[in-house]
Amino acid sequence: MSVLVNKDSKIIVQGFTGSEGTFHAEQMIEYGTQVVGGVTPGKGGQEHLGKPVFNTVKDAVEKTAADVSIIFVPPAFAADAIMEAADAGIKVIITITEGIPVADMIKASDYIKNRDCRLIGPNCPGVITPGEAKVGIMPGFVFKKGKVGIVSKSGTLTYEAADQVVKQGLGITTAIGIGGDPIIGTTTKEAVELLMNDPETECIVMIGEIGGQLEADAARWVKENGNKKPVVGFIAGETAPKGRTMGHAGAIVGGADDTAEAKKRIMQECGIHVVNSPAEIGKKVAEVVGA
Amino acid sequence: MNLHEYQGKEILASFGVRIQRGIVAQTAAEAVAAAKRLTEETGTGWHVIKAQVHAGGRGKGGGVKLAKNLKEVEEIADAIIGMNLVTPQTSKEGKKVHQVLVAEDVYYPGDSETSEFYMSVLLNRSTGRNMIMYSTEGGMDIEEVAEKTPHLIFNEEIDPATGLLPFQARQIAFNLGLSGQAFKEMVKFVSSLYKAYESSDSSLFEINPVLKTSDDKIMAVDAKVTIDDNALYRHKDYEEMRDVREEDPIEVEARAAGLNFVNLDGNVGCMVNGAGLAMATMDLIKMAGGEPANFLDVGGTADAQRVETAFRIILKDPNVKAILVNIFGGIVRGDRVAQGIVDAYRSMGDAINVPIIVRLQGTNAELAKELIDNSGLAVHSAIEFKEAADKVQEVLQ
């Protein structure tokens with residue numbers, strides 16, 4: 001078992017023929033991911049990387065039965081791409097694009113709300129189920145198969161955590177990069193919930209950062225649901241100054257509740273194994289699973 | 001992108017929001033001319049001289065003053081322009097004032113008492129919708145109001161499918177205790193304010209105070225406006241409003257070089273790929289006994305040129321005693337980054353006068369370490385995150 005994507009997922013790439021889309025689609029195919037085609041408006045009927053190109057997501061879904069989409073469309077058109085995927089019946093929409101205007105995301109997240117789909121991202125590294133499907137931009141070799149699930153707002157910090165976990169002789173069920181924007185489709189809580197319900201996942205790593213309430217909401221949910229599996233948590237940005245955006249558009253301390261310190265305190269109160277040092281994520285995981 | 005009060009008011013006015021009128025001036029002489037013109041246009045007798053800097057609490061620092069005649073306009077403008085304004089939101093050194101807004105006096109006596117309200121428009125991150133936050137307690141620090149009298153703060157959340165609805169604007173005016181002409185004015189004020197917020201792709205409007213004048217007009221006396229950087233491509237005219245004098249010069253230079261950089265007060269510089277890992281690296285520096293001197297995300301392509309630019313920017317800060325480079329090679333190969341660092345180091349020669357610790361993990365990490373170790377340069381290399389922290393501690397001692 002795994003969550004969101006697996007070896008049977010049929011994936012299309014939106015923004016397939018662009019440089020980003022091409023590069024990462026190639027890497028995904030090389031990894032063994034079942035990429036069934038791509039979408040670039042106006043280039044329908046062509047072939048790219050040995051896969052068919054479609055004009056619309058609807059076409060692609062009809063012809064390939066795709067159920068997952070990964071979006072590399074430039075920021076100005078990305079929200080539209082998300083809504084197009086949702087309308088065409090794509091079940092999991094993974095948006096890598098960074099820099100989408102907030103107003104566009106307000107509209108897109110409202111549009112998809114009552115449709116049967118799940119948005120991951122935007123501004124995220126994607127989702128990987130090791131050995132089955134890499135739907136993202138992460139270096140595949142870092143992620144070995146195992147029983148630890150990862151939820152993270154950050155790209156390279158996810159790789160860091162996975163690497164540390166693997167070096168402890170453990171592995172990953174699914175790693176979910178939820179993204180660092182102020183508005184994202186799948187929250188920390190929802191991603192943790194998916195992994196909590198996954199029978200193969202025995203431990204969850206939850207990596208957050210300053211800004212917003214997502215980690216606190218997730219921590220409270222974990223507690224309310226009886227701490228069924230151990231959760232190891234880290235929050236980046238203890239040293240970040242108030243009121244400044246730290247790279248990710250959502251990483252900004254506004255009030256007293258969204259500092260690293262406040263989040264860690266809430267997580268601790270909810271029974272999460274919080275590490276203060278980002279160098280000790282793997283060690284802590286090994287400790288709590290008794291490996 | 002943050003704007004000055006006068007720029008924010010320009011945007012508000014362009015969408016029909018009533019504002020306290022004013023004219024911006026760079027010198028005392030210009031301020032006097034502005035005051036005369038304003039009197040002609042508005043009939044105002046007195047004038048308010050307001051420092052234009054990107055910081056709140058200007059009044060507390062002596063940056064907002066009332067002038068009762070032209071001589072006072074000149075004296076006050078002369079004193080404020082060029083001063084280092086210290087407010088609760090600036091550093092101890094304060095911010096240099098380059099210009100003032102000469103504004104009309106809107107607290108004139110009349111048939112009714114004036115009253116001040118608070119109003120902001122912003123994103124509610126937990127619902128993914130915009131909201132209007134408002135309070136009867138205007139002219140005060142809203143964080144203080146939230147702490148002491150939270151029941152006096154109200155919210156109106158906006159459905160993205162419909163936009164602000166008329167009943168919501170009425171609700172706001174009722175909650176603020178208004179009636180008659182002032183009520184009608186407030187409904188109009190709120191509607192045009194929200195229209196301005198949406199149309200300008202702003203991420204924050206804070207109007208404090210919103211004033212009800214003695215003749216029942218509703219107007220914005222101050223305006224704090226932040227435009228969503230990601231939407232600036234749709235608003236070239238707003239992009240021109242950027243005042244780089246208000247920003248840290250090193251940050252301006254870094255942005256021009258395409259680097260995501262925030263200047264901090266510490267003694268250990270860092271260069272990292274990815275925002276989350278960059279923050280984590282800053283935290284690790286602190287745990288190792290240092291203080292981070294900056295946040296810097298070099299992004300995915302850490303080639304020699306980019307690394308050199310990053311080194312030069314970090315080294316502009318004389319407090320930097322060491323630099324920690326932390327790159328997790330994913331798609332970008334570790335040995336390429338290592339080569340970039342070696343090349344940048346060689347090309348910079350003596351410009352690098354502090355110890356450098358390089359931690360390269362991920363793709364070709366071993367090869368990268370070898371490359372650094374065999375370069376003959378004074379660079380400490382590490383592979384594990386913990387090792388890097390230990391090395392920082394070592395060089396700081």
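Here the Cβ of each residue, glycine as well, is placed from N, Cα and C on the backbone.
TrEMBL entries are annotated by machine, without manual review.
The feature domain 'CoA-binding' is assigned by TrEMBL to A:4-100. Restricting the average to the domain 'CoA-binding' (A:4-100) gives a pLDDT of 97.
Residues or ranges marked as CoA binding site by TrEMBL: A:THR17, A:GLY18, A:SER19, A:GLU20, A:LYS43, A:ILE96, A:THR97, A:GLU98. Just so you know, the Cβ of A:GLU98 (CoA binding site) picks up 20 other Cβ atoms within 10 Å once every protein chain is counted.
According to TrEMBL, the substrate binding site annotation covers A:TYR159. The Cβ of A:TYR159 (substrate binding site) has 28 neighbouring Cβ atoms from other residues within 10 Å, across all protein chains displayed.
Annotation source TrEMBL lists active site, tele-phosphohistidine intermediate at A:HIS248. Neighbour list (A:HIS248 (active site, tele-phosphohistidine intermediate), Cβ cut-off 8 Å, at least 6 residues apart, same chain): A:ASN123, A:LYS153, A:SER154, A:GLY180, A:ASP181, A:GLU209, A:GLY211. In this structure, A:HIS248 (active site, tele-phosphohistidine intermediate) belongs to neither helix nor strand by DSSP; it is coil.
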Key: Chain B neighbours, filtered from recorded positions A:GLU20, A:TYR159, A:HIS248, Cβ-Cβ distance under 8 Å   = A:TYR159, A:HIS248
Ask   = Given that the record lists A:THR17, A:GLY18, A:SER19, A:GLU20, A:LYS43, A:ILE96, A:THR97, A:GLU98 as binding CoA, what is the largest C-alpha to C-alpha distance among them, in Å?
value = 24
Remark   = Residues in the domain 'CoA-binding' (A:4-100) per DSSP class, helix first, strand next, coil last, are 34 helix, 23 strand, 40 coil
Query = Are there residues of the same chain, six or more positions away from A:GLY18 (CoA binding site), whose CB falls under 8 angstroms from its CB, and which are they?
reply = A:THR40, A:PHE72, A:VAL73, A:PRO74
Request  = Counting other Cβ atoms within 10 Å, pick out the least crowded of the binding-site residues A:THR17, A:SER19, A:LYS43, A:ILE96.
outcome  = A:SER19
